[in-house]
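Undergrad: Have a look at this one before I ask anything.
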Amino acid sequence: MMVPLDPSSKPTSQRRIAEGDTVVVYERHDAMRAVAVRPGAVLQNRFGVFRHDDWIGRPFGCKVHSAASAGGGGARGGKGKGGGFVHLLAPTPELWTLVLSHRTQILYLADISLVVSYLELVPGCLVLESGTGSGSLTTSLARAVAPHGRVCTFDFHDQRAASAREDFERNGLTSIITVAVRDIQGQGFPEEHTGAADAVFLDLPQPWLAIPSAGTMLKQDGVLCSFSPCIEQVQRACEAMRSCFTDIRTFEILLRTYEVREGGLKGATTNEESNAVPLAQKKRKLLAAAETLDVKQNSSVMVRPCSTARGHTGYLTFARLRVHGN
Amino acid sequence: MMVPLDPSSKPTSQRRIAEGDTVVVYERHDAMRAVAVRPGAVLQNRFGVFRHDDWIGRPFGCKVHSAASAGGGGARGGKGKGGGFVHLLAPTPELWTLVLSHRTQILYLADISLVVSYLELVPGCLVLESGTGSGSLTTSLARAVAPHGRVCTFDFHDQRAASAREDFERNGLTSIITVAVRDIQGQGFPEEHTGAADAVFLDLPQPWLAIPSAGTMLKQDGVLCSFSPCIEQVQRACEAMRSCFTDIRTFEILLRTYEVREGGLKGATTNEESNAVPLAQKKRKLLAAAETLDVKQNSSVMVRPCSTARGHTGYLTFARLRVHGN
Amino acid sequence: MAAIPREAWEGCSVLLDINDGDRLAFFRLTPAATVKVGNRTCSLQPLVGRPFGSLFSVGPSGLVPCADAPSSRDDTTQDAADGPSQDETRDNRSLVDNNTAQNLSSDDIEAMKRDGVSGDEIVEALIANSSTFGKKTVFSQEKYKLKKQKKYAPKVLLRRPSTRSICETYFKKSPARTGFMRVDALSLLLSMANVGPYSDVLVVDMVGGLVVGAVAERLGGTGYVCSTYLGSAPSSIDIIRMYNLSSDMTTRIVQAPLSGLCSLQNSGDVSSGLNDSIQGEAQEPTAVPVENTQPSVPQPTDTAVPDEKTQSSKEQSIDIDIPEPLLDEHVNQDGNSSLDSKRDEDGSSIGPKSLKAGKAPSPERMKYWSEHGFSSLIVAAPGHDVESFVADLLPLLSYSAPFAIYHQYLQPLATCMHSLQVSKMALGLQISEPWLREYQVLPSRTHPHMQMNAFGGYILSGIRIHNGDACNGSK
Amino acid sequence: MAAIPREAWEGCSVLLDINDGDRLAFFRLTPAATVKVGNRTCSLQPLVGRPFGSLFSVGPSGLVPCADAPSSRDDTTQDAADGPSQDETRDNRSLVDNNTAQNLSSDDIEAMKRDGVSGDEIVEALIANSSTFGKKTVFSQEKYKLKKQKKYAPKVLLRRPSTRSICETYFKKSPARTGFMRVDALSLLLSMANVGPYSDVLVVDMVGGLVVGAVAERLGGTGYVCSTYLGSAPSSIDIIRMYNLSSDMTTRIVQAPLSGLCSLQNSGDVSSGLNDSIQGEAQEPTAVPVENTQPSVPQPTDTAVPDEKTQSSKEQSIDIDIPEPLLDEHVNQDGNSSLDSKRDEDGSSIGPKSLKAGKAPSPERMKYWSEHGFSSLIVAAPGHDVESFVADLLPLLSYSAPFAIYHQYLQPLATCMHSLQVSKMALGLQISEPWLREYQVLPSRTHPHMQMNAFGGYILSGIRIHNGDACNGSK
């Protein structure tokens with residue numbers, strides 16, 4: 001269960017791995033996958049063969065080694081690389097975003113976290129979402145409104161909705177998330193939610209078609225968010241919001257990541273002839289002496305931005321349902 | 001003279017200050033002004049009273065003190081603050097951008113430098129510009145095409161053109177820059193430049209009106225740049241470029257600045273009770289010892305981004321005149 | 001009851017936005033509470049029972065709800081930079097906006113006011129009597145109108161305090177107080193630390209309580225946020241009073257010194273380790289040392305807390321170059337006196353006075369955490385060298401627990417990340433920096449804001465792991 | 001002669017962009033020079049006399065100018081991310097793009113090729129014979145067509161090497177070679193150092209000659225760029241061969257060891273200080289140690305220089321995590337043999353063989369600089385601790401001379417800035433980081449590029465000053 005839903009259930013990381021759990025198998029920061037723990041099953045990857053039976057009863061976060069004598073059929077490859085290991089992590093919405101199957105473009109951490117904050121979600125809220133897509137955001141919405149709130153998510157695509165529903169089941173979120181097949185651009189949200197939603201999230205190619213319905217669903221002062229990759233969509237969405245919404249704000253959020261490495265720079269001394277300028281030289285020697293000690297410390301840790309990054313995901317436009325005076 | 005124009009003239013910084021020179025008086029990084037050196041004149045500012053006569057014959061980059069006995073009339077205020085000083089700098093296009101009078105929104109360093117590079121300007125080029133505005137970019141264009149090239153700049157606003165012309169005269173750039181009053185959006189560039197321009201720069205509210213004319217002026221493979229603050233202008237400009245231009249690319253450039261300060265962070269030791277965890281404590285003591293030495297070195301220099309910055313100046317769209325096959 | 005109260009109630013904390021962000025201040029809706037708008041002191045009583053998001057104008061008898069809500073505040077011209085030059089042919093340069101352009105004298109206006117003419121009507125009169133208004137560009141006309149409206153017809157917007165609005169308010173008006181933590185950075189911390197129901201979140205909050213309050217809001221009365229601190233004196237977390245935390249939520253906030261948590265962890269003996277440094281629930285650590293009637297007892301919310309008070313105890317804020325404006329220069333005159341106001345006793349979940357945040361955790365809780373670990377960690381100690389105490393904090397977490405460390409400087413996080421890499425205590429380590437950009441989206445005038453907050457801080461995130469080969473202990 | 005030659009000429013350096021950026025490589029237009037496109041080796045002779053910006057296709061007899069220039073390369077779908085989902089109702093998911101969808105066999109295509117059918121015609125035939133093409137979204141149709149065009153009708157774009165195109169090419173294909181210097185950073189260095197005609201620019205170039213070449217281009221045959229180096233061996237500056245520098249421009253590039261410049265500066269005795277380390281113009285320092293017929297003599301330009309050669313001497317490049325692709329994996333087979341080709345002698349200003357870059361400066365020059373100082377300084381030594389030698393470099397500048405120091409890491413610049421602040425040798429000190437963003441501007445599909453180069457390096461800039469009260473020496 002990704003999100004504990006009652007007082008008797010501990011946060012996953014405080015538990016031990018049990019049959020039926022989903023664990024995130026961490027090979028490397030860019031190589032993870034979600035695995036359902038089944039007795040007798042094995043996981044085979046480039047690091048070896050791993051028996052699920054070895055995992056059960058161990059804490060999340062532990063390191064497990066590939067079976068020395070690879071049991072079952074799929075032993076090939078396992079032995080050669082022998083002694084490989086992986087870590088077994090407790091699933092979180094953040095890890096889920098990294099391992100889920102991409103049935104559509106998904107939202108990532110930075111956008112997700114801003115959406116949850118700006119929608120002002122807290123436990124107990126009702127939030128509507130369209131479309132469901134790959135369920136990346138949905139899972140975070142669920143965590144935010146759990147244990148007593150609700151996420152009603154809609155996708156016009158049959159199969160996509162079904163796959164998302166399976167994922168939510170697998171992650172123990174069915175009591176929080178309802179998935180329905182519906183063309184929100186064409187039909188709007190179902191009437192049953194009229195005036196009941198604390199927040200509405202739209203990720204639609206033509207959000208302006210759904211905005212009037214979103215306005216109908218929201219409680220007064222409730223927040224709407226529309227996510228669009230192109231500025232033309234934002235322009236039309238903002239236009240559509242102006243009649244019923246206020247406090248319309250459009251943001252873009254990116255994450256810049258940094259890489260850390262150990263080791264200093266080439267000093268001038270290594271390159272310099274010994275008959276160089278005396279004064280500067282002297283200073284350099286002083287520094288060099290100090291650096292020897294310095295290396296033992298920490299100032300040799302160098303950090304700089306990673307050179308490539310996601311340059312754009314989309315624009316997030318937030319707006320509040322206007323409150324009517326009397 | 002801001003840009004040396006013949007072999008006999010030295011770069012300004014290699015000369016001494018002479019009568020008639022423009023110097024940039026540097027008080028602080030955010031307080032500078034351009035002053036023409038005239039015998040007998042005085043400069044009065046919050047740091048005191050400065051006699052131009054004291055400046056003549058001294059090198060650019062020197063530090064000058066306010067006159068101890070403030071000569072002339074404007075002595076008031078000078079004495080009280082006694083001993084103030086300023087630095088006298090050689091004018092450059094970069095400094096000029098910081099001191100010029102803003103008759104319009106101006107382009108700043110980052111945009112200017114990208115424009116000059118992307119327009120592929122080298123000495124000898126002919127570049128057309130509209131509008132002249134406050135002449136911030138013009139001055140950098142002139143430096144790039146000097147000594148034998150030419151900048152023809154146009155502004156529809158009479159007075160603005162005249163003020164710019166005065167500035168260029170003052171900076172010794174009249175042999176490089178021609179200023180004309182002309183409505184480029186309405187009339188296009190003058191026919192005399194047809195097929196002669198290496199590059200064209202547009203900073204106009206409706207650039208799409210001037211783009212066909214820009215195409216006529218350019219040599220084959222010549223580069224056009226259009227600067228616009230709003231994306232709608234960019235969209236229309238790109239649309240207009242597609243018929244005659246290729247390699248259409250839109251950029252935005254910002255400068256992030258960093259602030260440096262000396263002094264370390266609060267260590268945990270200063271706050272921690274002495275009966276804390278022994279192991280971590282030990283490590284801390286080791287570190288503390290090292291830090292003592294460290295402070296003498298440089299690792300106590302801390303750096304972080306300045307918190308406010310120019311968030312947007314404009315979009316720069318570059319395009320090349322399409323070459324016609326045969 | 002709904003998760004989010006949609007109307008202000010007697011005794012709740014509110015955020016007032018006066019004249020479209022010109023002034024932002026928190027108030028408590030006590031019967032005696034007032035706000036000064038312009039030179040008029042208005043009772044806050046008219047706000048009680050009104051929906052959050054309502055707009056008020058200042059009438060002869062005080063705050064009056066506007067007939068309709070904010071009329072598209074977003075259509076107002078946000079930028080002075082490109083507005084006039086773009087689509088207009090009229091040119092402001094020929095205009096001289098001196099006093100002679102206005103035919104109404106200040107005496108005239110005073111007379112109108114005395115006659116009970118509304119602010120909006122005065123603005124209309126000013127426009128009608130301006131000889132230059134018609135010649136201005138549309139952009140300048142809007143600007144002129146807005147300026148006069150702010151002066152003669154000020155508007156007060158009733159906002160609901162929430163993590164979003166509280167964080168934005170501090171960042172805008174008093175950023176040093178909250179370590180320059182921008183709302184996107186705070187949002188990332190909450191996500192990266194997997195804060196959700198029934199979490200046991202360990203927090204080092206040296207940003208005034210902003211993080212503790214945000215976590216408590218997300219917990220919704222489940223789980224725990226354990227605010228730990230270095231040394232013997234807890235950091236101030238009085239910003240939690242700005243949140244309308246219910247009593248359920250407030251009781252989930254506990255405070256314990258790091259040394260206590262660590263010794264407990266090391267000794268394995270819950271009660272002894274604990275009692276050395278924490279004297280149990282009977283004697284509470286002083287969470288919020290402000291000049292209250294009960295200084296050692298933080299209230300779930302408190303009365304109007306403009307920053308003149310909170311600024312003074314900002315030991316945790318780091319040096320900044322530019323003196324920060326106070327959260328609200330116009331202190332609510334009756335602020336302090338409203339503490340003795342009655343709380344509502346109508347069964348709403350807003351905490352009555354006797355419920356307190358920042359108690360010491362019970363020995364049972366401490367024992368539980370020593371056995372199972374905290375389920376995540378957030379550190380926001382912008383002025384501190386985090387590396388030294390992260391080494392103490394991580395062992396307090398359960399294996400697989402995520403953590404997120406906020407800092408103003410990159411190098412301390414880099415050093416910390418490197419030492420965690422070497423120690424193999426954590427994986428998935430990453431330093432990231434959020435980069436937030438706001439856009440003006442208006443017809444023919446769409447572009448990023450001309451001014452930006454160029455810096456939202458750095459965050460080191462990762463997951464605590466067990467790297468030994470035989471880890472059969474649950475933590 | 002015009003400042004910028006607009007047509008390629010015999011012997012010039014050209015940049016070929018094959019298939020819209022898939023491959024970028026520099027070549028020299030010698031009679032023997034060839035380029036391999038697909039599996040066909042084509043002579044470069046058809047490029048001679050053609051305007052830069054011309055597009056070529058591969059015909060049966062080699063490169064053929066296209067009837068018209070690139071047909072709006074910009075209209076092609078740049079992003080795979082949002083394209084399909086936005087405006088389309090057709091859904092690709094139902095399509096299986098397997099081989100059965102194409103009715104033309106590879107034998108058919110080979111037969112067409114033998115019959116002299118043009119590449120564009122083959123692409124049309126493929127589209128006509130695809131059973132799925134009509135069912136694809138417009139976006140996918142474009143993508144399909146582009147893919148087939150690249151395979152069957154590859155295009156070669158003739159580009160003029162310039163600071164812009166050279167910097168972009170290296171940054172795209174071999175960034176470690178040029179210290180990850182992005183064109184916007186290089187542009188800033190040139191502006192911040194006030195590079196213009198008659199400047200005397202002191203340069204520390206450990207980015208392969210990119211900066212030296214860019215400065216020489218801006219000088220246009222006036223002034224000097226003095227490339228100085230630490231130690232006794234000059235850094236490689238062979239990228240200057242990619243520029244079409246005229247002989248006037250090439251002679252303005254000189255090289256001198258830093259120790260020589262410093263001792264000259266200190267001793268005040270020009271000739272003696274100089275000759276200790278520099279043996280005058282007779283014996284040139286080896287500027288470009290590549291496997292040429294005359295290894296010690298850099299040519300103004302050289303033949304096709306894919307980076308397999310230049311990569312090998314990248315002592316100045318810093319460690320990077322990801323192995324960099326070579327500038328051009330497909331080495332021009334005849335590359336090395338073209339060195340003995342004849343230069344044009346038609347009076348064009350392109351330097352004949354005998355003119356060399358990277359000589360030692362004349363004693364007169366050295367004397368002038370020791371008296372007047374350099375008019376500006378650019379440092380691009382990404383792998384070095386700049387602080388240590390900036391202290392040596394600044395005294396070589398005239399007072400009021402601006403300087404700009406590029407680096408990959410922030411901390412070394414911060415340290416350097418701090419020590420310059422303390423020493424009061426400079427003012428206007430600032431560390432800045434350019435942030436460049438490219439946009440896709442297409443109808444209904446406008447947004448920033450989905451992938452970005454998130455990092456363009458840091459620059460410390462400032463102005464050298466005299467801080468003493470009596471400065472009567474000119475420098």
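Glycine residues also receive a Cβ, built from the backbone N, Cα and C atoms like all the rest.
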Undergrad: Per TrEMBL, which of B:D203, B:D221 sits in the S-adenosyl-L-methionine site along with B:S134, B:G135, B:S136, B:L137, B:D155, B:D183?
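TA: Site partner of B:S134, B:G135, B:S136, B:L137, B:D155, B:D183 for S-adenosyl-L-methionine, according to TrEMBL: B:D203.
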Undergrad: Report, as a single number, how many Cβ atoms besides its own are within 10 Å of the Cβ of B:D183 (S-adenosyl-L-methionine binding site).
TA: 16
Undergrad: Just report the maximum Cα pair distance in Å for the recorded S-adenosyl-L-methionine binders B:S134, B:G135, B:S136, B:L137, B:D155, B:D183, B:D203, no decimals.
TA: 19
Undergrad: Given a 10 Å Cβ-Cβ cut-off, pick out the one of the binding-site residues B:D155, B:D203 that has the most other Cβ atoms nearby.
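TA: Result for the most crowded candidate: B:D155.
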Undergrad: Let me check the 10 A CB neighbour count of B:G135 (S-adenosyl-L-methionine binding site). How many other CB atoms are there?
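TA: Taking every protein chain into account, the count is 33.
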Undergrad: Around B:L137 (S-adenosyl-L-methionine binding site), which residues of its chain at least 6 apart sit with Cβ under 8 Å of its Cβ?
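TA: Listed in sequence order: B:I106, B:L107, B:D111, B:I112, B:V115, B:E129, B:F201, B:D203.
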Undergrad: Cβ distance under 8 Å to B:S134 (S-adenosyl-L-methionine binding site), same chain, sequence separation 6 or more: which residues?
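TA: Residues satisfying the criterion: B:L100, B:S101, B:H102, B:R103, B:T104, B:I106, B:R160, B:A164.
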Undergrad: Could you check what DSSP calls B:D183 (S-adenosyl-L-methionine binding site) once collapsed to helix, strand or coil?
TA: coil
Undergrad: Using all protein chains in view, find how many other C-beta atoms are within 10 Å of the C-beta of B:S136 (S-adenosyl-L-methionine binding site).
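TA: Excluding its own Cβ, the number within 10 Å is 25.
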